[in-house]
Amino acid sequence: MGRLRWPLVVLMALGALVGCSSAEQNGADLTTDSHAVAPSESGDTAQSTTKPGPLAPRQVVRTADVDIEVDDVAAAEDAVRRVSVAAGGFLQQVNSRAASTTLVARVPAGKLDQVLVEISQLGRVTSRDVRAEDVTDQLVDTGSRIESQRASVQRLRELMQRATTVDEIVSIESELTSRETELDALERRRAALSGQVEMATLTVSLDRPSTAPDEDTGFLAGLSGGWRALSATGAFLLTALGAVLPFAATLAAPAAATWLLVRRRAALRRPTS
């Protein structure tokens with residue numbers, strides 16, 4: 001029995017060692033697999049967080065000034081009105097004179113180029129100026145100030161509800177009114193900028209072509225030209241005479257006195273017969 005016991009003990013010990021080594025190897029494999037998967041997950045996470053988002057479009061205010069010579073100012077004015085309305089815009093101002101008209105139209109910014117092409121066909125374009133101003137930073141800054149001002153107004157309203165004395169109510173109400181006024185001004189400014197971005201401003205000046213006066217020819221034209229030259233010469237001589245006459249009148253009296261004195265002395269020197 002003693003001889004059989006020791007081999008059994010050795011076999012049991014070897015089995016235990018094999019089982020422990022297998023468990024350790026499986027644990028190591030699991031650990032390796034988990035580490036192998038972890039970098040992939042962290043890499044995917046890093047990749048997803050570093051993707052840049054889409055850039056916000058720039059906010060641009062567009063304006064244009066066009067001078068056009070047309071034969072019929074009234075017809076061209078109606079054409080500008082029709083083109084502006086067809087593009088989704090409207091006429092903001094019209095200033096008509098005897099031979100010219102100036103119109104200020106608001107048209108969608110995206111259709112400004114199309115409107116310019118159609119209007120340029122009304123006559124001869126003598127001047128054209130198209131400008132663009134980026135107001136993105138102004139809109140962003142105004143929006144941030146609006147959010148801050150709204151938060152400030154909300155805090156003051158909460159303080160107003162907790163106020164217990166008349167002095168507190170008066171002080172908070174005064175400050176609240178001031179903040180609300182500033183908030184309204186900021187909102188109006190943002191609305192105005194947004195409106196200018198959405199609708200471009202187009203100023204169109206319509207004028208009739210300038211014509212040089214015809215030169216007169218023939219006998220009557222020559223006679224008229226000679227008479228004008230004679231009149232101009234006479235006017236020049238009269239002007240010169242008028243300029244010299246005061247000096248002549250001033251010098252005449254001393255000259256006459258000198259002449260009389262010299263004559264008298266000459267008469268006294270003559271011998272008497």
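Note that Cβ sites are derived from N, Cα and C of the backbone, with glycine treated the same way.
All annotation found in TrEMBL is predicted automatically rather than curated by experts.
Listed features, source TrEMBL:
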| type | residues | note |
| --- | --- | --- |
| COILED | 169-203 | coiled coil |
| COMPBIAS | 42-51 | compositional bias 'Polar residues' |
| DOMAIN | 58-259 | domain 'DUF4349' |
| REGION | 33-57 | region 'Disordered' |
| SIGNAL | 1-23 | signal peptide |
| TRANSMEM | 236-262 | transmembrane segment |
By a Cβ-Cβ criterion of under 8 Å, what residues six or more beyond either terminus of the coiled coil (169-203) are in contact with it?
59-66, 84, 89, 92, 102-109, 112, 115-116, 119, 135, 138-139, 142-143, 145-146, 149-150, 152-153, 156-157, 159-160, 163
Averaged over the whole of the coiled coil (169-203), what is the pLDDT?
94
